[in-house]
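Structure, as structure tokens:
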Amino acid sequence: PTLSWHDSEPESNSLQETSQLDPLSSNTTLEVQLELHHVDALSSEDTPELLFDLRLQRDALRSGTIYSLVSKAVARNPPRAAGRRSGFSSSIISGLAQGSGEYFTRLGVGTPARNLYMVLDTGSDVVWVQCAPCKSCYSQSDPIFDPTKSASFSGIPCGSPLCRSLDSSGCNQRRMCLYQVSYGDGSVTFGDFSTETLTFRRTSVGRVALGCGHDNEGLFVGAAGLLGLGRGKLSFPSQTGSRFNRKFSYCLVDRSASSKPSSLVFGDAAIPRGALFTPLLSNPKLDTFYYVELLGISVGGTRVPKISPSLFKMDQDGNGGVIIDSGTSVTRLTQPAYTATRDAFRLGARNLKRAPDFSLFDTCFDLSGQTSVKVPTLVLHFRGADLSLPATNYLIPVDSSGTFCFAFAGTMNGLSIIGNIQQQGFRVAYDLAGSRVGFSPRGCA
């Protein structure tokens with residue numbers, strides 16, 4: 001499907017039409033819902049096979065950068081001392097490498113609001129947009145944001161707590177804060193760290209800290225910037241937590257299906273009734289990612305015997321564990337867990353005709369000419385929540401000739417990642433106030 005967006009709001013909203021809220025001073029809580037679009041919709045001229053191949057290439061880069069970030073954070077001993085920042089470094093690595101932010105939303109930036117496409121990313125924290133004047137800017141779908149035309153744009157002083165919260169910060173000649181975020185493929189955004197108003201349909205939230213990037217290099221596939229939804233201090237949920245009761249959720253639908261668009265919800269409405277919740281865990285070395293406890297996996301109604309909770313356990317140094325990520329597509333399981341799950345699935349699907357391996361997938365089937373097939377069920381057993389996956393969330397088409405592959409992969413890294421293919425069709429609810437993540441199979445309705 002091609003991407004089309006008819007802005008329901010004018011570029012400029014009057015104060016009478018728009019709710020203006022300051023996250024630092026208002027006691028009013030909000031509820032906001034936005035549409036999400038898959039990045040492939042921006043490349044409608046490419047074939048499905050090419051789009052899927054590119055998606056897997058992005059996925060490999062993203063998972064690699066996540067593993068790199070975690071390993072560097074774990075190896076950082078003792079923890080980085082606050083205030084010791086002698087210029088910029090490349091200490092921040094995001095899964096956005098090569099534009100692998102898989103889902104976009106559209107929101108207003110500045111006053112009057114300028115509507116821009118932003119990448120949704122639970123694997124990074126800093127919110128940023130490309131800004132004029134550009135020393136170097138990549139191509140984006142919307143005009144470059146000009147902060148001089150916004151009445152609500154304001155720089156942040158170097159000594160402020162917001163500036164000190166950055167992993168990589170500096171000062172310009174006017175003693176105003178500068179930021180830099182570097183990504184795994186060498187992409188980078190650099191510029192002024194500022195506060196600005198963000199508008200979600202008819203609701204505006206003021207004084208959101210974001211990077212105004214004047215030097216941005218990399219392949220970001222048309223987006224104007226990034227909406228960081230991680231757990232760190234500078235992510236959008238953390239900054240505006242009191243306004244949205246520290247709750248948000250998303251529903252990611254199969255981009256190839258002609259169904260309701262994917263959506264992103266902030267506020268109490270983000271938590272669907274009947275959701276199954278699992279507690280959030282904390283990594284002592286890294287606060288960006290959403291860690292959960294995976295206890296086991298069932299295939300065909302039977303727990304896989306070789307998979308014990310110890311395979312997914314995070315140790316006291318922050319090694320291992322399991323994270324949920326919106327931008328990784330294919331779920332990566334630590335190798336022993338993947339091998340056991342794959343072998344159990346192969347055994348249950350032994351009546352299906354096998355096909356050659358495809359990219360990172362080593363279990364594929366030739367289902368050409370068949371209208372329906374029976375495959376083993378698959379359940380992820382989180383603490384307190386058994387997530388029963390639809391078959392379409394783990395047996396996926398990889399070409400137009402009837403080849404389907406088991407959409408899991410193994411990793412030699414101790415960290416496992418639950419990707420967005422496995423999350424499709426569920427409303428995934430992040431209740432940060434309750435330190436838990438929930439799943440609802442009916443939350444997308």
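Residue numbers in this text run from 1 along the chain shown.
Glycine residues also receive a Cβ, built from the backbone N, Cα and C atoms like all the rest.
The feature region 'Disordered' is assigned by TrEMBL to 1-24.
Sequence annotations record features per position, and here TrEMBL assigns domain 'Peptidase A1' to 103-440.
The annotation active site is assigned in TrEMBL to Asp121 (among others).
As annotated by TrEMBL, active site applies to Asp325 (among others). Counting every protein chain shown, the Cβ of Asp325 (active site) has 24 other Cβ atoms within 10 Å.
Looking only at the domain 'Peptidase A1' (103-440), the predicted model's pLDDT averages out at 91.
The CA atom of Asp121 (active site) is located 8 Å away from the CA atom of Asp325 (active site).
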